[in-house]
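Chemist: I have a structure I would like to understand better, so I am pasting it below and will then ask my questions one at a time.
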Amino acid sequence: MGAYDELMKRRGRALLPLLDPDKVISEEDYYERAVKALCEYAATFLVGGSTGVGQIETEKTVALVKKNCDKPVTVFPGSPCQVAPSADAILFMSLLNSTNRKYLIDYQLEGSLLVYRYGLEAIPTAYIIVGEGGTAGWVGEAKAIPPEKPELLSMYVLAAKYLGFKVVYLEAGSGVKRSVPPEAVRLAKKLLGEEVILIVGGGIKDEEVAAEILRAGADGVVVGTVVERDLSAAERIARRVAGWT
C-alpha cells in the first residue's frame, strides 16, 4: 500500500514520525530502536526537515527505516538535493506563505524531474506555517499566520483546496512551545471537508496535545522533536493516536 493510501486508511489516527537525517546518521542505534518501537503505529515515516543535508544522508536514513520497518518511507524535502531514489513517496510541497518563490515553485521545478526519474509517489502537499514557525518558518522565509487571525488561515486553506492539493500540512515549527491551536485545526478541517487530508505538526510534546489536535479534526499528526528527545513519550503519543489507550 502506498503512503497516500496509508494516510487515507488511517484518517483521524494517522501518525507520521519525522526523522532528521542529520540526527539519524550520528545516532543510528537509537533511531533503529525508535523505528522499531513506532513501526506498528505509523502510517508512514517522514524523512527530512534538515538544513544542510543532502541525498547521501537522506538515503542512509531511508535505508535505516526500511531495514527496521515495512511501512512506506516518505521524503519531507527541504530542497531538491534531498530527493531520495530509494524512498517510496515524497511530500511534493509548496510553502504557501513563504515570501521566497524558491519555496513556492522553484524547488518544485528543480525536483520534478528527479521525482519522475526515481518513480516516487508524489503527494501534492500545501505546507502552511502557523504561529511561532520555529526553524521551518525562519528558513522558509514564511509570513507565519497568527492563530488569532482565522480569516488569514481560511484564505490559505481554501486556496490549497481549490488548487487541488491532496494534503494540507499545518506547521507550528519544530520544538516550539505551542502547537497549532485546536480552533485553527477545527476551522481548517471544516473548510477542507473530506476531500483533503489535514496533518498537523510542531509542538506535539505529549499524548494529550496529540489527542486534542485529532479531536479538533486533524487526520494525522507529525512528531519529530519528541522522537529525538524522549522515545517513551513518543510511544505514548503513538498509542493514543492509534486509539489503543
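Note: Cβ is positioned from N, Cα and C throughout, glycine not excepted.
According to Swiss-Prot, the protein carries these features:
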- Asp20, Ser50: Mg(2+) binding site (BINDING)
- Tyr169, Leu170, Glu171, Ala172, Gly173, Ser174, Gly175, Gly202, Gly203, Gly224, Thr225: sn-glycerol 1-phosphate binding site (BINDING)
Chemist: Provide the three-state secondary structure of Gly173 (sn-glycerol 1-phosphate binding site) computed with DSSP.
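Modeler: Coil, per DSSP.
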Chemist: For Ser50 (Mg(2+) binding site), what residues in its own chain, 6 or more apart in sequence, show a Cβ-Cβ distance under 8 Å?
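Modeler: Once residues fewer than 6 apart are set aside, Ser50 (Mg(2+) binding site) is near Asp20, Pro21, Asp22, Glu57, Gly78, Gln82.
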Chemist: By the count of other Cβ atoms within 10 Å, pick out the sparsest of the binding-site residues Gly173, Gly175, Gly203.
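Modeler: Gly175, out of the binding-site residues Gly173, Gly175, Gly203, has the fewest neighbouring Cβ atoms within 10 Å.
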Chemist: Rank the binding-site residues Asp20, Glu171 by the number of other Cβ atoms within 10 Å of each Cβ, and give the residue at the low end.
Modeler: Asp20
Chemist: For Tyr169 (sn-glycerol 1-phosphate binding site), which residues in the same chain are close in space, meaning a Cβ under 8 Å from its Cβ, but six or more apart along the sequence?
Modeler: Leu91, Met93, Thr125, Ala126, Tyr127, Ile128, Ile199, Val200, Gly201, Val222
Chemist: Near Thr225 (sn-glycerol 1-phosphate binding site), how many other Cβ atoms are within 10 Å of its Cβ?
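Modeler: Summing over all protein chains shown, Thr225 (sn-glycerol 1-phosphate binding site) has 20 other Cβ atoms within 10 Å.
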